[in-house]
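Notes for the one structure printed next.
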């Protein structure tokens with residue numbers, strides 16, 4: 001998820017472009033500067049908030065009063081239908097990715113294996129190395145070009161972006177159809193290209209895009225409107241469905257429906273209720289069932305539902321794999337190791353990402369870097385296999401592509417099972433291969449190399465997840481740990497390396513992404529074993545506590561590097577001294593209840609104040625009456641009013657304005673036209689526009705003496721976009737938006753205030 005791609009000047013989506021172009025002309029003649037100065041103590045102004053709060057204007061109330069009980073029932077049924085469709089489609093997309101990756105990667109590995117076998121006999125193995133590296137680099141090049149040049153938002157795993165979206169930040173293009181297509185193609189190409197990535201993370205993003213698309217009943221990218229589900233065309237509803245889509249993505253990836261629901265609850269949704277939980281669980285179940293049945297048919301045994309997720313950790317037997325009470329301190333120690341390694345991974349990735357934002361921000365450079373990483377990954381793998389002397393007998397082993405190289409006949413090189421395979425298969429091998437399949441030296445070298453490769457790969461301009469590489473690193477050092485334990489205890493029976501591989505994988509993943517509840521359940525569901533619930537929970541808790549002491553989780557870190565105004569669950573602990581008066585933005589641009597059209601157009605066209613909400617005050621200035629707050633109207637609503645020319649001439653204010661329906665507002669959602677595209681003639685500027693029936697007459701307000709935590713709680717719990725600050729005479733004194741609250745953060749020295757930046 002390369003921050004550089006967001007900072008490209010040509011693609012600032014909702015910042016006014018003219019202003020940026022003016023700045024650029026004065027500073028730099030060429031389109032891309034060599035270095036973009038970037039500071040993590042910034043908040044970007046280019047992200048807008050989502051409106052989670054319905055605007056209860058007269059139109060809305062009239063429509064809600066017209067709907068009877070039976071109609072509400074059909075709306076509820078529609079919600080269930082949409083959730084079922086989300087589940088089915090997410091499952092099908094996961095099947096598609098899985099089948100294509102399996103076939104393409106299989107083809108690549110067979111070609112390279114035949115080549116290596118041929119050249120091992122007659123010398124000249126450097127040709128094989130070249131072939132492998134070239135295949136990798138060319139596949140990754142395609143995958144990187146489509147992401148860098150067509151849709152930069154599709155880079156990375158997409159979990160940080162979905163997290164922001166569910167938090168209420170509108171990230172441009174994040175739930176578009178184009179993003180989904182690029183995401184799916186990109187993830188197939190990057191996994192086939194042999195990068196240290198998994199296809200699990202992007203499934204979450206794909207599920208979210210599918211959900212956003214289906215719930216709107218139309219595609220803005222394809223310009224098709226199916227005239228269904230029109231009731232759901234607003235941020236409130238769309239966001240609930242997106243959290244269902246994210247959950248369906250998790251459950252398709254890991255075969256973990258409960259884990260999906262908990263992931264959506266823990267990482268994503270800011271708003272939650274019981275009905276939503278049940279619907280989301282339904283979507284997750286449907287998605288994992290769809291994947292299961294389609295893959296079973298594909299593998300030729302239609303009645304055997306044995307592949308619930310994209311990654312199947314295989315079953316852990318209880319007889320061999322129980323644990324005793326004296327192993328619990330060992331597990332806790334593994335959690336500490338995982339936390340430290342995870343913090344190291346995140347810190348390295350942080351510096352790397354800062355470097356990428358500053359220097360590698362042109363698309364062509366990003367593609368070159370991705371190709372370089374692909375070639376280096378192949379070269380490292382080849383050299384490691386070539387230098388390894390760890391030979392294991394082929395009998396009874398389940399290796400997909402056994403490489404013989406310099407081993408005796410009937411033996412294979414065990415380093416090749418780790419490198420010469422897709423990461424998912426390698427993880428399963430590390431979990432289930434019988435004791436003695438790996439030399440400790442092999443595992444140690446593999447862990448070291450793969451750690452740096454995975455760290456370098458995350459943040460490239462390709463679609464790729466970090467789940468599987470983390471699990472693989474953890475499984476390798478966990479297995480190494482298990483082997484050394486059985487050396488120390490003179491080969492006692494309880495140190496089965498597979499069990500420690502599982503714990504190591506959990507510790508490493510927990511140390512990198514810092515998920516607790518959902519990750520425990522995902523690991524339990526993916527291994528199909530409840531016995532390990534307690535040790536996995538202990539390991540993850542320890543990893544999170546230790547990791548948080550050093551540096552924050554990978555996703556939070558990338559959100560912060562993007563300068564996204566992200567609101568956490570609570571206000572910073574030491575912020576009680578601040579009041580709404582100090583936090584709010586002032587002065588506020590207010591509109592009168594009956595306003596000149598010219599004034600409205602000028603306010604909306606003013607680039608210096610890119611406001612999205614305007615308080616409406618009483619409109620007769622000649623009397624002694626206080627100009628108290630009457631309501632709040634949004635920029636998007638004003639634009640629809642101007643577009644439909646809902647105004648009357650000054651002379652006859654008694655005439656009825658043209659009636660607009662709520663449908664007119666819904667049809668314009670989500671891409672409202674910019675004010676520049678709406679033409680208002682000189683005569684029309686003199687007309688009057690009456691905002692009474694379109695404004696929200698009961699906006700949320702706070703008195704200016706309210707403390708920051710109180711304002712924060714109100715804002716965060718209701719999912720507001722604008723919170724009006726009033727004095728004791730109900731006059732507007734300021735406005736609190738997301739940026740005003742996200743500015744305050746707990747730093748190392750206490751409360752710090754971030755500065756705001758345009759890009």
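The backbone N, Cα and C atoms fix where each Cβ goes, glycine too.
All annotation found in TrEMBL is predicted automatically rather than curated by experts.
Given the ranges 35-58, 155-178, 203-226, 275-298, the record in TrEMBL names 275-298 as transmembrane segment. Per TrEMBL, the listed range annotated as transmembrane segment is 367-387 (candidates: 10-30, 304-324, 367-387). Looking at 500-524, 575-599, the range tied to transmembrane segment in TrEMBL is 500-524.
For the ranges 466-488, 604-626, the feature annotated in TrEMBL as transmembrane segment maps to 466-488. Range 241-263 is the one annotated as transmembrane segment, of 103-125, 241-263 (source: TrEMBL). By the Cβ criterion (under 8 Å, sequence separation of 6 or more), the transmembrane segment (180-197) is in contact with the transmembrane segment (129-150), since 3+ such pairs are found. According to DSSP, the secondary structure content of the domain 'CBS' (695-753) in residues is 16 helix, 22 strand, 21 coil. The transmembrane segment (367-387) and the transmembrane segment (80-101) are not in contact, since fewer than 3 Cβ pairs between them lie under 8 Å (pairs 6 or more apart in sequence).
Pairs of Cβ atoms less than 8 Å apart link the transmembrane segment (330-352) most often to 500-524, out of 80-101, 241-263, 275-298, 466-488, 500-524. Touching of the transmembrane segment (441-460) and the transmembrane segment (466-488) is concluded from the presence of at least three CB pairs under 8 A, sequence neighbours closer than 6 excluded.
Of the Cβ pairs linking the transmembrane segment (275-298) with the transmembrane segment (80-101) and spaced 6 or more residues apart, 3 or more are under 8 Å, so the two regions touch.
Through the fold, the transmembrane segment (500-524) approaches residues 250, 254, 256, 258-260, 262-263, 265-267, 313, 316, 331, 334-335, 337-343, 345-346, 427, 430-431, 466-467, 470-479, 481-482, 485, 530, 532-533, 535-537, 539-544, 546-548, 552-556 of its own chain, all at least 6 residues removed from its boundaries and within a Cβ separation under 8 Å.
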